[in-house]
Amino acid sequence: MTTVARDPVTAADPAPAPPTRPAAGPSRHRYRAAVGFAFGAALLFAVAPLVLSDFRLSLLAKYLCVAMVAVGIGLAWGRGGMLTLGQGVFFGLGGYAMAMHLKLADAGPGNMPDFMMLYGQLDELPLWWRPFASPWFALPATVLLPMAVAFVLGSLVFRRRVRGAYFAILSQALAAAMVILLIGQQGTTGGTNGLTDIQGFFGYDLDDPVNQRMVYFIIAGTLLALLALARHLMQSRYGELLVAVRDSEERVRFLGYDPATVKLVAYVVAAGMAGLAGALFVPAVGIISPALIGIVPSIEFVIGVAIGGRATLLGPVLGAVAVAWARTALSERFPGTWTYLQGLLFVVVVAFLPGGLASLIGLARRRDDGEPRPSRLGRFRPRRREGAA
Amino acid sequence: MTLIRGRRILAGAMTLVAAAALAACGSKTTDGNTSAGVAADVSGDTVKVGLLNSLSGTMAISEVTVRDAIMLAIEEINAAGGVLDKKIEPVGEDGASDWPTFAEKAEKLIREDRVAAVFGCWTSASRKAVKPVFEKNKALLFYPVQYEGLEQSPYIFYTGATTNQQIVPGLDYLKAQGATSLYLVGSDYVFPRTANKIIKAYAEANGMKVLGEDYAPLGSTEFGTITNKVKSSGADAVFNTLNGDSNVAFFKEYKSAGLTAATMPVVSVSIAEEEVKSIGTQYLEGQLTAWNYYQTTPGAANEKFVAAYKAKYGADKPTSDPMEAAYVSVYLWKAMVEKAGTFDVEKVREASDGITFEAPEGLVTVDGATQHIAKTARVGKVGADGLITEVWNSGQPITPDPYLKSYPWAGGLS
């Protein structure tokens, strides 16, 4: 693998460089961000619950979970240049950790989850399930477990300078391996069925629409918090370093930074976000199964990000929600032909809006002030701070 | 400065979460089942039913035929005046071979369309995904495919075979033919793995040896190794629970290894007329299948069903067991509703016990206690024309026993 990674072709894969976008004044920038967050919060917390039926709101909760994964991919891929085609693994780790705890809580202390008796014929709970009975272990594990896996994998891979297509293939292989593992261990993982029929969420009955609404609010709040975190990272010195590594890893190395560490941080953070998304997906949808974490769903996460605009803050979120929503809407409207329509949509967006839906905003703005402003790809630009110039 | 702003936004978001969570505390799990269920909308002169099948993805090839059979039954019923003087209005959704999508669409059919019943699902994983949705909303699902048993939901009617109506009779047949050793080949998912557990328990109790057990991932086409292992094992017969495309590769490999139906017969439980066509008759001729219905099953009801199906969908389209079970499920629902005199789910369930229907497969009876159907088991042999002809049947309908409680050897299974 090392020899492959040092291949000169892969070592030099700079993304095509769009011209640098002139930075907006800092005060205007901040003002816009605050208004944006307030607007998003109002939309998610006030408008959506009022306008949407219980069923549609629970669908939105599901879309927002996908959007959380997208925020992480936006950071790792859009800003860090790591095409992570295996985010399903981290989503799954978070989801399974949460579902294992909820299944154990449903079964009650001392009992085993229903499927283990049906498929496993086990006499007692397997050792590796036991810690998940405690929420104090399971809840942190939903985030820390994916982060730990990403850390180990990332440490091995980035130091060896595995990049580009090789990194993408590796992350996919991980997703495939995890699915095979889960299916093979049917007695303890539920096999292809996954973990289903989850009744309660920390003592609250998930069948109750009021509690479903609560889960939605938690998800919406978490997404906003993750967006704030991502924005903070992107605006920080670290964020600039990350973009610099994406655009020219060698140059950053010559400047004395360690690109491997820079990439590792983004990769681990993205994994943590995916894990959190998986954990919240479980109470929102009531199921986690290998079908949700394999190669296809992992690619679907990335498609949403690509469509939204990978290097922007909001692009991945909007893209993920738009793709998931379109999937539902098209499949309800045209049950027989929707897959073709969805494919067509992907082709059209990628062909005519390579910067994603977020570049539409750029187009609109250009029309506003007549200044050519191509897509906002978050280029490395000199830092402008008040008083620092 | 950015640091402070970031924190402020973070703090704001967290406060919102906490406030929302506090404001919206619903019932606890200890309160018992609080959901009231969603009543079907029967106010108009039609009654909606949901059709939930995969029209895209790997399962589409099988599930589309089930959808067609359900549509045929609905058309026939509507032509004859409908149910309780209401015409049936089908609402179709695509499960897309994706289990969470099945759950989403089931919820949509129940809550948005307010259907009186849903017909569909194929794989066990999709059924397990929608089961809590139907139980939560107290809505009805009719599941038309043979499955691995060990389930009994109050809101699901199982119109396909459970294990004691398909797999166990298949094994009885092999035993009667003098088979003393088996090799198990299956796809890697819940049905084959569970079926093989049952087969192993049966074999142990009946003095048969299981010489090997191999699983291939769903959709796998690599069968060189497995076929070699099967060949060198020298088993009397192979019990095949492979699903879908894998069968094509397996049987081609099987034939090229020099194995034939005469030397080492394969009993398949997921190969029906439709699959025979796609695998190729030359690879399957003489091999055995275990089902409850074949296109060749004699009887006026079947002649009518086959003729109607071919008239609607084309003369080259075969009919198969899951299609027949789906077709029958619509008629059974109609009979239950008419006996209950209402579309109300609980009343329909109460009325279900003892409902009979002269189905293409023969007389079927609903067992109200298990919500399964008493069916006749049939072992068939694939002929040169691609159709399956019966070589053995159980003589009378077998009472469903999803947990195999009446079989002493199955004591440790559930």
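Each residue, glycine too, has its Cβ placed from N, Cα and C.
Bear in mind that TrEMBL entries carry predicted annotations, made automatically and left uncurated.
Look at TrEMBL and you will find A:1-14 tagged as compositional bias 'Low complexity'.
Per TrEMBL, the feature region 'Disordered' maps to A:1-26 (among others).
Packing against the transmembrane segment (A:31-51) from elsewhere in the chain are residues 24, 57, 60, 64, 213, 216-217, 220-221, 223-224, 227-228, 231, 314: each is 6 or more residues past its ends and has a CB under 8 Å from a CB in it. TrEMBL lists A:31-51 (among others) with the feature transmembrane segment.
Taken from TrEMBL, the feature transmembrane segment applies to A:57-77 (among others).
Under the heading transmembrane segment, TrEMBL lists A:84-102 (among others). Proximity of distant same-chain residues to the transmembrane segment (A:84-102), defined by a Cβ-Cβ separation under 8 Å and at least 6 residues beyond the stretch ends, is recorded for 69, 72-73, 76-77, 129, 132-135, 138-139, 141-143, 145-146, 149-150, 167-175, 178, 182, 189, 194-195, 198-201, 267, 270-272, 274-283, 288, 290, 292-295, 297-299, 301-302.
According to TrEMBL, the transmembrane segment annotation covers A:136-158 (among others).
Residues or ranges marked as transmembrane segment in TrEMBL: A:165-184 (among others).
As annotated by TrEMBL, transmembrane segment applies to A:214-233 (among others).
Annotated transmembrane segment per TrEMBL: A:254-274 (among others), in sequence order.
What TrEMBL lists as transmembrane segment is A:280-299 (among others). Taking Cβ pairs closer than 8 Å, the transmembrane segment (A:280-299) reaches residues 58, 61-62, 65, 68, 85-89, 91-92, 95-96, 98-99, 102, 171-172, 175-176, 178-179, 182-183, 190-198, 201, 206, 212, 215-216, 218-219, 222 in its own chain, all 6 or more past its ends.
Annotation comment: TrEMBL describes A:311-328 (among others) as transmembrane segment. Same-chain residues lying 6 or more positions outside the transmembrane segment (A:311-328) and placing a CB less than 8 Å from one of its CB atoms are 36, 59, 62-64, 66-67, 69-71, 73-74, 78-79, 223, 227, 230-231, 234, 300-301, 303-305, 338, 342, 345, 356-358, 376-378.
The transmembrane segment annotation in TrEMBL covers A:340-363 (among others).
Among the features that TrEMBL reports, region 'Disordered' is placed at A:367-389 (among others).
Here TrEMBL flags A:376-389 as compositional bias 'Basic residues'.
Using a cut-off of 8 Å between Cβ atoms, the transmembrane segment (A:254-274) and the transmembrane segment (A:57-77) share at least three residue pairs, counting only pairs 6 or more apart in sequence. Under the criterion of 3 or more C-beta pairs below 8 Å, with sequence separation of 6 or more, the transmembrane segment (A:214-233) and the transmembrane segment (A:136-158) do not qualify as touching, having fewer than 3 such pairs.
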